[in-house]
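Data block below; observations after.
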Amino acid sequence: MAAQGEPQVQFKLVLVGDGGTGKTTFVKRHLTGEFEKKYVATLGVEVHPLVFHTNRGPIKFNVWDTAGQEKFGGLRDGYYIQAQCAIIMFDVTSRVTYKNVPNWHRDLVRVCENIPIVLCGNKVDIKDRKVKAKSIVFHRKKNLQYYDISAKSNYNFEKPFLWLARKLIGDPNFEFVAMPALAPPEVVMDPALAAQYEQDLQHAQATALPDEDDDL
């Protein structure tokens, strides 16, 4: 039984990607999750309970954050076991972090098989973007969802969670009725830049995939 006021619906979400892509910054934006996080010493993981209020009551994503161990090689299977969904993050200002996305995806599906996954390109607030919409094709090949995000400005913060919730619950009309309390923006996402990026993504989505069958 869930405690009084505790969301009945809970999901384990694993957050993966290269070190320095902004995973911890992203998960810390959700203030109650940051306040209530727990450290799992055996795995060296912080679990942030992120609650969202929806048209079907509150739901909770228990977000597993690696606390930087990915810098020392792969993650242990214990991190992935029983994950119900995942976010793979890369940094749009660093091409190598996008090049490594297939490795993270491979590790995930090896343990978790067929779970819903969102790919997020973080740091889109930075003007010097290296990984452009047209070169982000991995999600289309593997049937993942993709979002541009900017953790420091809260831009698109809720989008990955809403998409995952709709998939997990099986209801396309599922909505968040209120935004969670987020840390104040540290940078401002330029609305014109955001609009341009959204247009670029739509255009890229409508473009045929390149023929070569490598994983990038």
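Positions of Cβ are set from backbone N, Cα and C atoms, glycine also.
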Task: Where Swiss-Prot places region 'Switch-II' among the ranges 51-67, 68-84, 119-135 - done: 68-84
Task: Among ranges 19-24, 139-144, 211-216, whichever one Swiss-Prot labels region 'Interaction with RANBP1' - done: 211-216
Open item on the list: According to Swiss-Prot, region 'Switch-I' applies to one of these ranges: 37-45, 145-153, 190-198. Which one is it?
Closed with: 37-45
Open item on the list: Please report the Cα separation of Gln69 (site 'Essential for GTP hydrolysis') and Val40 (GTP binding site) in Å, rounded to an integer.
Closed with: 13
- [ ] Report the same-chain neighbours of Ala151 (GTP binding site): residues 6+ apart in sequence with Cβ closer than 8 Å to its Cβ, ordered by sequence.
- [x] Gly22, Thr25, Phe26, Arg29, Asn122, Lys123, Phe157
Task: Secondary-structure category, per DSSP, in which Gln69 (site 'Essential for GTP hydrolysis') falls - done: helix
Task: Average pLDDT across the region 'Switch-I' (37-45), rounded to a whole number - done: 86
- [ ] Please classify the secondary structure at Thr21 (GTP binding site) using three-state DSSP.
- [x] coil
